[in-house]
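Structure first, then comments.
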Amino acid sequence: MASANFIRQFELGNDSFSYQKRPEDEPSQPLSNRNINKLNDSSTLKDSSSRIFINSQVLRDGRPVELYAVECSGMKYMELSCGDNVALRRCPDSYFNISQILRLAGTSSSENAKELDDIIESGDYENVDSKHPQIDGVWVPYDRAISIAKRYGVYEILQPLISFNLDLFPKFSKQQQIESSSISKNLNTSSFNTRSPLRNHNFSNPSKSSKNGVHTINNMQSSPSPSSSFLLPLTQIDSQNVKRSNNYLSTSPPILEQRLKRHRIDVSDEDLHPSSQLNDNEASSLFPDTPRLNHSLSFVSLVSSLPPLDQNIMQDYHTSKDILTSIFLDVNFADSSALEAKLSDSLDLDVPIDELGHAALHWAAAVAKMPLLQALIHKGANPLRGNLTGETALMRSVLVTNHLNQNSFGDLLDLLYASLPCTDRAGRTVVHHICLTAGIKGRGSASRYYLETLLNWAKKHASGNNGYMLKDFINYLNHQDKNGDTALNIAARIGNKNIVEVLMQAGASAYIPNRAGLSVANFGIFVENALKQPEDSKQTKVSLMSENLSSKEKTAVPPRQKSRDIIASVTDVISSLDKDFQDEMAAKQSMIDSAYTQLRESTKKLSDLREQLHVSETQRTLFLELRQRCKNLMTSIEEQKSELSNLYESFDPNGIHDSLSLDADAPFTVNENNNKNLSIAELKFQVAAYERNEARLNELANKLWQRNSNIKSKCRRVVSLCTGVDESRVDSLLESLLQAVESDGQQGEVDMGRVAGFLRVVKEHQA
């Protein structure tokens with residue numbers, strides 16, 4: 001195995017996992033149990049280092065977790081203590097001692113060996129061998145340590161160590177060491193049962209000033225040490241402060257400018273700088289009376305938002321979710337005291353309350369419920385927590401217009417400013433989200449309000465005391481997402497000229513291309529005096545495109561490398577860059593040609609559809625016309641029927657008969673003495689009327705005759721069947737039969753029911 005020689009130098013125990021250098025005089029002798037126990041007994045740096053207590057938490061299972069700032073041989077560490085186990089994080093590069101993490105996880109020897117093989121195979125590790133056994137071992141980068149901690153289920157235990165803001169590392173003095181030891185002892189004996197759950201693991205408590213609980217920054221004074229100027233004096237830390245501590249301002253470690261593959265480094269006291277000392281005057285100068293942000297804010301390196309909490313590893317998940325959800329159903333959001341009373345310390349405020357991973361803070365920020373936001377932040381909700389896509393509560397708030405309607409975005413920034421350096425899964429900041437939302441219909445004014453408020457807030461608070469300057473924020477505006485797009489590129493692509501103007505006036509660069517090589521000028525957005533090409537634009541573009549190379553392609557150059565090797569390396573990089581650029585341009589050109597072809601086809605289809613739409617609209621108009629005509633005709637018919645009904649009711653046929661005294665059976669005669677001479681047309685009209693009446697009468701007579709013939713035939717058959725006489729002889733015998741029936745009884749005494757029944761039987765027999 002590739003790591004065989006490496007493994008021989010270390011002992012992998014079942015109960016402990018430590019890397020210890022073998023004595024030179026006994027290269028093949030394994031570590032004895034006594035030596036291992038000695039190493040475990042001295043698992044902290046108490047005897048050989050300066051330690052300052054930071055804070056303490058209680059895990060869900062009741063175990064206490066303590067966080068210390070440690071300085072050993074001039075090197076700064078953060079130490080997390082959990083029972084008999086410790087875990088160290090090195091401050092300059094955020095490397096973790098992986099042996100301590102595995103010992104904390106209680107892994108077996110086989111698991112330790114497998115993990116060690118993977119680390120050695122990757123090559124991204126550092127083997128430290130010094131006179132301090134607590135520091136010896138294999139150190140791995142931040143990302144890999146996080147991955148291992150999650151895989152072995154100790155991520156939540158290490159959360160205070162992982163999320164601690166290294167910019168807040170304290171400076172050491174003898175007085176602070178004495179005070180920290182006293183406070184640690186008091187907290188260990190009296191405060192464990194009253195502290196918040198593990199999610200609250202910061203040592204600072206936001207001070208209450210101004211209406212939002214955030215200091216303003218007018219007349220701010222400069223400080224030589226921005227990182228240390230936000231540490232509370234250790235004498236002010238008590239159990240109540242620890243209970244109310246918030247973890248939301250602890251950020252991930254800064255990204256290293258150079259991450260080399262380091263293997264074996266020997267550390268000695270002579271190679272490290274002595275620790276800094278802080279006198280009483282300097283300690284008192286850490287907190288001038290000038291108002292400032294409660295915690296420093298750095299835009300030097302951006303970090304990804306925290307993922308949503310996993311409900312499978314959470315206790316009382318459903319209880320926390322139900323209580324937090326019920327708060328949003330309460331219409332009385334203005335009562336902050338009532339809200340804080342509902343938010344008990346046992347609740348997990350970061351629990352997802354919907355299927356998209358949104359926490360209560362996301363919803364409160366989106367619906368602009370400021371009292372609820374203040375209560376959540378005061379109780380320890382983490383604004384760095386994202387949803388399933390990595391969107392923080394601040395990002396979600398700019399997707400709606402509620403804060404524009406209430407003019408409350410400035411107050412929201414005072415509460416959630418700690419999440420400004422966070423990015424989502426696509427690498428986008430809140431400025432990216434503002435520009436993306438500006439492309440939605442009706443959201444342009446809201447996006448401009450959010451952007452201008454954010455820029456004014458950043459300008460107002462830019463100070464060394466707050467951890468950042470305006471140039472850092474301008475670099476933040478120029479941050480590129482995973483597609484290489486800056487916020488200005490997105491605003492130009494969606495065509496919002498107002499957002500483009502605001503960003504460029506704030507100092508955003510218009511010459512940063514995305515991965516496709518497109519910048520602001522390529523999107524057809526032109527702002528006066530803004531897109532003037534600088535003289536060194538070519539060099540700028542080359543440098544910007546070079547920065548888009550992934551970190552894996554960057555090669556670490558030894559300090560004593562010869563100049564010709566450097567030139568050859570640079571030439572290779574430029575050649576590779578040019579080849580990649582040409583290949584990418586060819587691929588993009590092919591995509592553009594394909595897009596043009598699809599565009600032409602889509603245009604033709606659109607023309608055909610428009611023609612069909614025109615025909616359909618014409619037919620629809622005609623149909624509506626015809627329907628209206630039909631409606632008019634039906635109305636006219638109803639009116640005519642109504643008039644006819646009225647005439648029929650007023651018609652008196654008896655009056656006509658009486659006046660005329662006509663006999664219906666009288667023959668038609670022509671009055672020859674009629675003095676009125678009718679015209680030929682009138683006579684023809686009367687003749688035609690008589691002919692029509694005659695035709696109708698003839699037709700009616702024929703129908704009656706045919707019907708009577710059928711009836712006669714049926715009756716003849718009935719009589720034939722009843723009398724047993726041939727049907728052809730019935731007519732001749734009918735008179736005799738009639739006399740016989742009449743003589744059978746008196747007139748009117750014939751049983752017609754029997755006759756009807758008899759006729760029915762005859763009919764069925766015929767069928």
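Any Cβ shown, glycine's included, is placed from N, Cα and C.
The model shown is predicted, which means the values in this text are computed figures rather than measured ones.
Here Swiss-Prot gives motif 'Nuclear localization signal' for one range in the set 129-132, 261-264, 273-276, 673-676: that range is 261-264. Swiss-Prot lists DNA-binding region for one of the ranges 98-119, 230-251, 736-757, namely 98-119. Per Swiss-Prot, the annotated phosphoserine among residues S225, S252 corresponds to S252. When the repeat 'ANK 1' (356-385) is classified with DSSP, helix, strand and coil residues number 17 helix, 1 strand, 12 coil. Along the motif 'Nuclear localization signal' (261-264), the predicted structure has mean pLDDT 32.
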